[in-house]
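Feature list (source: TrEMBL):
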type	residues	note
DOMAIN	1-501	domain 'Major facilitator superfamily (MFS) profile'
TRANSMEM	91-108	transmembrane segment
TRANSMEM	138-157	transmembrane segment
TRANSMEM	178-196	transmembrane segment
TRANSMEM	216-237	transmembrane segment
TRANSMEM	316-343	transmembrane segment
TRANSMEM	363-383	transmembrane segment
TRANSMEM	390-409	transmembrane segment
TRANSMEM	415-436	transmembrane segment
TRANSMEM	448-467	transmembrane segment
TRANSMEM	479-498	transmembrane segment
Amino acid sequence: MEVPVNSSEKETHDGQDLSVRASQLSGNVGTSELIGNVVDPALAAKTRLLNEAIDEIGWTTFHLKLSCLSGFGYAAYLEVGNGGFRTGSTMGLYAGLLVGALFWGFFADGIGRRTAFNTTLFLASAACMIAGAAPNWIFYSAFVAILGFGAGGNLVLDPTVMLEFVPSSQQWVITAMAGWWGMGQAAAGAIAWGFYSRSEWSCDGTDCTWQNNKAWRLIMFTGGALVLVMSLLRVFVVDLPETPKYLVATGQDEKLVSTLQKIATKYNRPCSLTLEALQACGQVQQVEKASHLSRGQRTVSSLVHQVRGLFATKKLALSTVMIWVSWMGIGLGYPLFFIYLPALLADRVPGYTPTFTETWRDYTVTNICAIFGPLIAAGMVEVKWLGRRYTMSIGATLTAILFFGYTAIKTPQQNLALSCSISVAINLYYGTLYAYTVETFPSAHRGTGNGIAVALNRVMGLLSAVISVTAGTKSATPLYISAGLFLLLAAISAVLPFEPRGNGAA
């Protein structure tokens, strides 16, 4: 039963209790390990009080709406597509994704999450539709890069924003949100299937006009329009305030209390956090330092602080490096698999050329299967003897085994079954990695750390493009390299320093 807390006597009593607790927290915690990875005693104490307040409010309709709106960022990858990196425009897209991940990651930590969250999806949708009207290749490639710039910020911000509002007992939702990824890819396959099925809308020769070669344009218009609807829903369905974790990290205690009290009041939930309790913890170190600097100095200091904070302790530094290496590993192993898969299929199933319908049917079915990977992972991460780390390890190991399984296929049906299995396994790993990354980085540096991780992933994706151009795609050896990379990722996952299960995020 939910009981609202309106009594002034109750508020005074709880405020005194929290003030005493705040003093104890800020006075007794050491500087070597605070909430796993926070080294500022005042910030650590405030974050503990904040986590208790968020847990006190609990899961509400606000969180349900936000989980869907955040999931739109994953689904928006219907504009981006899937698989290898074979063309110049695709390389431009991933260059945009790289720059976008870095820019919006730094932006989110320096300026705030709210503006970036509401901007990136709209930017991606607008660029997608404009690219669909491109009069030439250069114009098209430029706006595809801008599309990547906007989309690159989505996967940095979406899990971050959701995590910084959600109660600790529901953090598994961050893993489940990656299921939207498969929905977006499946939708992209269905859209392409529909438009490309009209032969009069696709031109294979050099005499191409808008009328006889408009299928790809209609795909861009449709995908962009869908994402535009998603971006508008973000603005109008939820009046998103700045995230509590950002507010506490930047010393905005009064605004933090007001934000939580508004949510609690709207959904008839208790919230006993007070401004006095937060102020009793002291001032956040970085805010205190920045108050003595000029505007230009604050900008430079903020950038340095955002990166340096990821290496504040030996344990956090090790965690940061291992997470980034994991993102680099899957960034190379995943696209290499798709690039060199046709060579292996041609060898294992000689003489088979899939029809148009079979191609898009298989693409759509495979991505529908991808939805189940994160959903399965969301249950696994809450199992005590698995947690996040062993869930990732299992997902990566299964992916490697299934990669090797391609050496035994003999029929198109086996190919589809194996592709679907890989889609589940790889998204089991990928979805958990996305959640683990934001769960383990401290709030003051979360956007930066996540942005760099995603950017490194894009760098390795671009490297796979270079490999495919210089080495060719006839050899199947890189597929075995991909499998080996996933075995390495499995080993790394098992020995990561932090296990977020059962702990509130910093």
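Numbers here mean position along the shown chain, with the first residue as 1.
Glycine residues also receive a Cβ, built from the backbone N, Cα and C atoms like all the rest.
Contact check: the transmembrane segment (363-383) against the transmembrane segment (178-196) gives at least three Cβ pairs closer than 8 Å, residues 6 or more apart, which meets the contact criterion.
Counted over residue pairs 6 or more apart, the CB atoms of the transmembrane segment (415-436) and the transmembrane segment (178-196) come under 8 Å in at least three pairs, which marks the two as touching.
Only pairs six or more apart in sequence are counted, and the transmembrane segment (316-343) with the transmembrane segment (216-237) gives fewer than three Cβ pairs under 8 Å, not enough to call it a contact.
Confidence in the domain 'Major facilitator superfamily (MFS) profile' (1-501), given as mean pLDDT, stands at 83.
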